Amino acid sequence: MELNEFNRNGVATAGSGYFNSEQSLRLRRPPSHASNQNASPHFDWGRSSEGGEDEDEEEPRHVRELPMPFALRKAVRQVQQMRVPVASRRARRSRALKRFSSQAKNALALVTLWRKSIHKIGGHFGGGVQSYFVFLRFLVVLNFLSSLLIAGFVLIPAIVFNSLHLNTTIPEANLTGFEVCMVYDTSPNALTVFYTYFLDLLSGTGFMEYSYMFYGYYNNTMIVTSGFSYNIPLAYLLTASFYFIFCFICIIVRMGGVWRVAVTTGGGTVGGYSMLLFTGWDYGLQGDRATKLKQNNIRYQLQVDLEEERLQLKAKSLTLLQTVGTYALRTLLNLIVLALIGGAFAGIAFATQFSQTQEAQEGIVGLLLEYLPSIVITASNFVVPLLCDQIALLEKHSPSTTIILALLRAVFLRLVSLAVLLFTLWENITCYTDRSACSPCQYNHRIYQCWETRVGQEMYKLVLFDFLTTIVKLILVDFPRRMVVDNCSWSLVQWVGREEFLVPPNVLGLVYAQTVVWTGALFCPLLPLLNTIKFVIIFYCKKISLFQNCRPAARTFRSTSSNVVFFLVLLFGWSLATTVLIYSMAELHPSYGCGPFRFSVTMWSIVPNSFQGLSPTTKEFLRYIGSQAFSIPLLLLSCVVLCYVAALASVYGNSVALLKAQLKLEGRDKQFLVKQIEELTKKQGVPKHDRDPILRDPTPMAVDPMRASFRPTQNNYS
């Protein structure tokens, strides 16, 4: 009787849309096209492919699945091809387009930069470390394409026009009373010692300052010859603007793809532990070392999840006095962290002020003064995060919250330290404390004869110093540490071990370097090309150090969620650099003695001035684009599209929520059925060791994943 009731319950459950394991397998089995081997096969001779490509592709599979000899199958296919009308032109075009797209993707996959190396890294160290090198490759390609853009519209035209000595036109300007502002020595010393070239290469002065590397070397001429005209200032400004727009589009497109992957994988879904056990394995791993490492990572993730659950339960059980004490302790520690970061900012501002106001000196002392802001910034970025990590251990946060706080503090320190350097430079350039020092040039001409080149030199030194510290660390720290660990058996040395390859700090270093390049691209046009070479060298150095010196971190960072954070931080760095670009173009007065905007009120004023030289048709078109007749309909259309996308996202979100709820119900139904089976076996007197023959089956396919996944967490549902 009880067994019959149980069967009826199972049928009712299946009818409601949820099946047990045996019924699910039966219902998922595809229906056979022939009931038995003796029955004659029936064919749909009149079937046509007018429905499109899907039906046309389904017919060969239908014929292949029929139980018949090969000759008969071939004859049937020929008869069907004779009876089926020719596919439409649209279907043929669609198939050709899909075939071309597939072939293009395969071809691009073969020529993808560092494809084998990145696959090897992912196979030995997992997807988290691989995400760092994928991110580095993205920055290399981005900088390379940006350098092509700048070279094509600024560098190569300037070199060609200077070498051919073509007819040039210089805009007229009234410079009465501004003669002192025109002083700018554009010729380096004729007699220099050899090591001076090396110092100039490191500091960006001397022969480097008077080259195409920096802003001050470009002129403000307009080339006019035989019906061809080229406005170098306008090309310089528009190229810089399109460079930033191009980088923004690339970041958004890439972040959209990463976001889709993160949403698809999802976080906090049903059965978190079982999902980690059954879907958390990385099948690209190679070797025993990599598999053991992945097992340890999964074990650590389980420990972290359990620890977070324990901390949440502990936080709920705290009394009011204990809660107040915990928050008071965290507030005090956060104040200490803010004091450390504020001290670092004060040191950066003081070092920048001291370096900019000192008189120019020769030799090593002058080089140290030039690099003093870079040294202080690098030291702050190294020391302060270490202290903040130790303080974070006392805050008693969950492991994931601790990692997120460390990332936010490191991002804040790195990017805001760069902002402090820029603010100090702006304070000196605009004479913020003493306005009389900027008269009559509207900028501090006594210290900065060409302030744009000076800002470009600071960014150049930051990029170069960051590269040198990375290489020196690999040579003088990582390699000796690995040799000591491998050849010394002391317990302390073995406890320290090899250096861990921590993905978040390394990626934040890349974001910081790219933000510096964006900030200095307007004042140092060849900085993206220099950064491309730098990142290529860093890739190979990091790869060698990874395999030779490093061990993967015990606490890994999941690649799907970390990539989103990395691109968000990169977008924040782009926003900081864009703010500097817009303010420099729209507010600051250009230098009178150098650069392509030397006689303009602002850099952006070259755009309306160039507008007057356009043809009447072009003027009318641009006026229409800037008028309300165009902007208001465009705004309304954008709002409609945005509302549609938001509604579509809401529908998809509701669908995902319903599917998650369905998974919950399916899991609970399966657990209910397991309990019913256990109760029936107890009542029927089945021995305990024979109650669950499925779990005793050594073959992996015999285990029901949902049944196994819910058994260890019967009292925990997410």
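Cβ from N, Cα, C; glycine included.
Remember, TrEMBL labels are computer predictions, not curated facts.
In TrEMBL, the annotation transmembrane segment applies to 194-213, one of the ranges 194-213, 474-493.
Within the chain carrying the transmembrane segment (630-652), a Cβ under 8 angstroms from the stretch's Cβ atoms is held by residues 624, all 6 or more beyond its ends. Mean pLDDT for the domain 'TMC' (450-559) in this predicted model: 85. By the Cβ criterion (distance under 8 Å, sequence gap of 6 or more), the transmembrane segment (406-426) is counted as touching the transmembrane segment (332-351), at least 3 such pairs being found. Here the transmembrane segment (194-213) sits apart from the transmembrane segment (332-351); fewer than 3 CB pairs are under 8 Å, leaving out pairs fewer than 6 apart in sequence. By number of Cβ pairs under 8 Å, the transmembrane segment (134-161) is matched best by 516-541 from the list 234-255, 371-394, 516-541, 562-583. Within the same chain, the transmembrane segment (234-255) packs against the transmembrane segment (562-583): three or more Cβ pairs sit under 8 Å, each pair at least 6 residues apart.
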